[in-house]
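Q: Below is a structure I'd like to ask you about.
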Amino acid sequence: MPRPLCATIHLDAMQHNLARARACAPASKIWAVVKANAYGHGLERGMRGFADADGLALIELENAVRLRQLGWVKPILLLEGFFDASDIPLLAEHNLNPTIHNYEQIKMLEYTKLYRPIDVHLKMNTGMNRLGFRPEAYAAAHARLAAIPGIRSITMMTHFANADELEHPRLPIREQLRRFRVGAEGLPGQRSLANSGGVLHLAELEGELPSDWVRPGIMLYGGTPGGKSASDYGLLPTMTLTSEIIGMQQLQAGETVGYGSRFESTGPMTVGVVACGYADGYPRHAPHGTPVVVDGVRTTLVGRVSMDMMAVDLTPVANARIGSKVILWGDGLPIDEVAHAAGTIGYELMCAVAPRVRVVEGRLGTTCG
Ligand SMILES: *Cc1c(COP(=O)(O)O)cnc(C)c1O
């Protein structure tokens, strides 16, 4: 029998969340973002779960090629574009749309003969200060790209720094939109603007965010970019990480648990040992008090997470036994809650699920083992 730790991927929930994104942005086409192994769900599962999307967006060129080999015929967007001129023939061969965000990329395109035309996204830096041309330099970059014979279309793109917080004090989404409008003024082409935060706030931004394309990621996986919980937005969890209790210990007052002896019991208590540790992707920095569900009952982590195991307080779990089912996150325990307790975000937890964790597919409501 395999180790009881297992991630169940709910393709039905992925489809549901994509439909939610459509409902939020009815006038836009959707790039479903499947970077980082579809946020830890598996690239091929991402492709099947988001089969209804208008395109798939990701970072890794080799995975974009793999999507073509797996039969994806709709558009593919490379969110960081390409890194070397030798990548350019692959773009044409597999009809991949690169994001162009610096002059080096433009130069490479100018010096490489494209034997088939390509569509590109041209990125504007509207304050994120990661990738892209500043608004005042944007039109010139656009003109240089437009002069390259093999460029078929240029979609104008930017990325929001604080889409999860509409009234952010430093850089509100409306200020980024204003800069985008200034930089893109008078230029032809489609627009590609919103990540999940932008999509979820589209209604509040009303007519201010007309976007031909939107680029949701985390919301499609039942996580939120921040603030509210996924269920407030009608989103469903797409990954449920489950395991079992594989050991139990009766502690006396004053005894400690795990490495560093960081947790000390104040009275007699039962702790359960769960087969899941940081080598599985569970965050080692998750503190005492991080929520865990055992046998349907909510309880908490105690002591330090070790490589293969962690301990939980079984005091509230009346019928706990070896083999009791444990939910670490997902259906029954929102990943955002676990992430919040551990001082991180759901994105990081999903992406970090380790290769040794068994992964199965199952409808929402089912888990493996
Ligand atoms: C990752 C990414 C997205 C998706 O972001 P979420 O917050 O997961 O919705 C959209 N656009 C770009 C450029 C990205 O890199």
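Every residue gets a Cβ built from N, Cα and C, even glycine.
Note: TrEMBL annotation is automatic and uncurated.
The following feature annotations were taken from TrEMBL:
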- Lys35: N6-(pyridoxal phosphate)lysine (MOD_RES)
- Lys35: active site, proton acceptor (ACT_SITE)
- Arg130, Met307: substrate binding site (BINDING)
- 238-362: domain 'Alanine racemase C-terminal' (DOMAIN)
- Tyr259: active site, proton acceptor (ACT_SITE)
Q: Treating G and I as helix alongside H, and B as strand alongside E, what does DSSP give for the domain 'Alanine racemase C-terminal' (238-362) in helix, strand and coil?
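A: Its residues fall into 20 helix, 50 strand, 55 coil.
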Q: Taking only the residues in the domain 'Alanine racemase C-terminal' (238-362), give me the average pLDDT of this model.
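A: It averages 97.
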Q: I'd like to know which of these recorded positions, Lys35, Arg130, is least surrounded, judged by other CB atoms within 10 A.
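A: Across Lys35, Arg130, these recorded positions, the one with fewest Cβ atoms within 10 Å is Arg130.
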Q: Enter the number of other CB atoms within 10 angstroms of the CB of Tyr259 (active site, proton acceptor).
A: 12
Q: Round to the nearest Å and give the CA-to-CA distance linking Met307 (substrate binding site) with Tyr259 (active site, proton acceptor).
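A: On Cα coordinates alone, these residues lie 10 Å apart.
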Q: Helix, strand or coil at Lys35 (N6-(pyridoxal phosphate)lysine), per DSSP?
A: helix
Q: Can you tell me the three-state DSSP label for Arg130 (substrate binding site)?
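A: Going by the DSSP assignment, Arg130 (substrate binding site) belongs to neither helix nor strand, so it counts as coil.
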